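Colleague: Pasting a structure here, questions to come.
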Amino acid sequence: MSQVLILAVGHRPPAWVSAACGDYLSRFGRRLKVELKEIPPARRSAGGLAAALAQEDARLLAALPDSAWPVLLDSRGEQYDSEALADAFSGWLEHGGPLALLIGGADGFGPGVRARARASWSLSRLTFPHMLARVLVAEQLYRAWSLLHKLPYHREH
C-alpha cells in the first residue's frame, strides 16, 4: 500500500481546517494511507530569520523518513492542471518509499529542506494562508487519486 505523509509547519489548525482535511483524507479509505503531521514553527526572535528557518528545517528533516520522496509546496514550484497533477502524483508514488508533501512555515523553507526535495509543486500563483493550503493539498490529492482510479469526483469540462 502506498503512503503519503503531509508535513505542515504551523500551529494547531482551527476546527474548520481539521474538518475539511479530515473529510478529504478519509475518502481514500484503505486504498491509500495518508497522514497529516503538524511540525511546530520556530519562534521568530533575536536570532533572526535564518535561525528560525534552520530550526524548522531540522524539525522537518527529523520528521521525514529516510526513504521518503519529498515534494515541497512552494511558490517557485511546478504548476499543474488536474490531469497533469494526477500524472505527477502517480509518478511520485512509484518511487517506493512514502511520498512526503512538505508545507513550509510563514517564511518558506531553508536550504536543508530544499536540498533534500525531489520535486516542488506550486498550488497557484496566488498566495494562500498556510491553513488553507492544507485543505487545498488534501482536496487536490483526492482529486488526483479519483482521476487515476476513475472515481466519479472530477468532472471534466
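Backbone N, Cα and C define each Cβ position, glycine as well.
TrEMBL annotations: computationally assigned, not manually curated.
When I checked TrEMBL for this same protein, it listed these features:
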BINDING   Leu73, Gly104, Leu123, Ser124, Arg125, Leu126, Thr127, Phe128  S-adenosyl-L-methionine binding site
Colleague: Helix, strand or coil at Gly104 (S-adenosyl-L-methionine binding site), per DSSP?
Modeller: coil
Colleague: Around Thr127 (S-adenosyl-L-methionine binding site), how many other C-beta atoms are within 10 angstroms of its C-beta?
Modeller: 8
Colleague: Which residues does Phe128 (S-adenosyl-L-methionine binding site) neighbour through Cβ under 8 Å, counting only same-chain ones at least six apart?
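Modeller: Looking at Cβ-Cβ distances below 8 Å from Phe128 (S-adenosyl-L-methionine binding site), excluding near sequence neighbours, one finds Leu136.
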Colleague: Within 10 angstroms of the C-beta of Arg125 (S-adenosyl-L-methionine binding site), what count of other C-beta atoms is obtained when all protein chains are considered?
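Modeller: By my count, 7.
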Colleague: Restricting to the same chain and to sequence separations of six or more, state which residues have a Cβ under 8 Å from that of Gly104 (S-adenosyl-L-methionine binding site).
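Modeller: Val9, Glu56, Leu60, Leu72, Leu73, Asp74, Val113 - these are the non-local Cβ neighbours of Gly104 (S-adenosyl-L-methionine binding site), listed in sequence order.
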Colleague: Can you tell me the three-state DSSP label for Ser124 (S-adenosyl-L-methionine binding site)?
Modeller: coil
Colleague: With the cut-off set at 10 Å between Cβ atoms, which of these binding-site residues ends up with the most neighbours? Options: Leu73, Leu123, Leu126.
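Modeller: Per the Cβ count within 10 Å, the most buried is Leu73.
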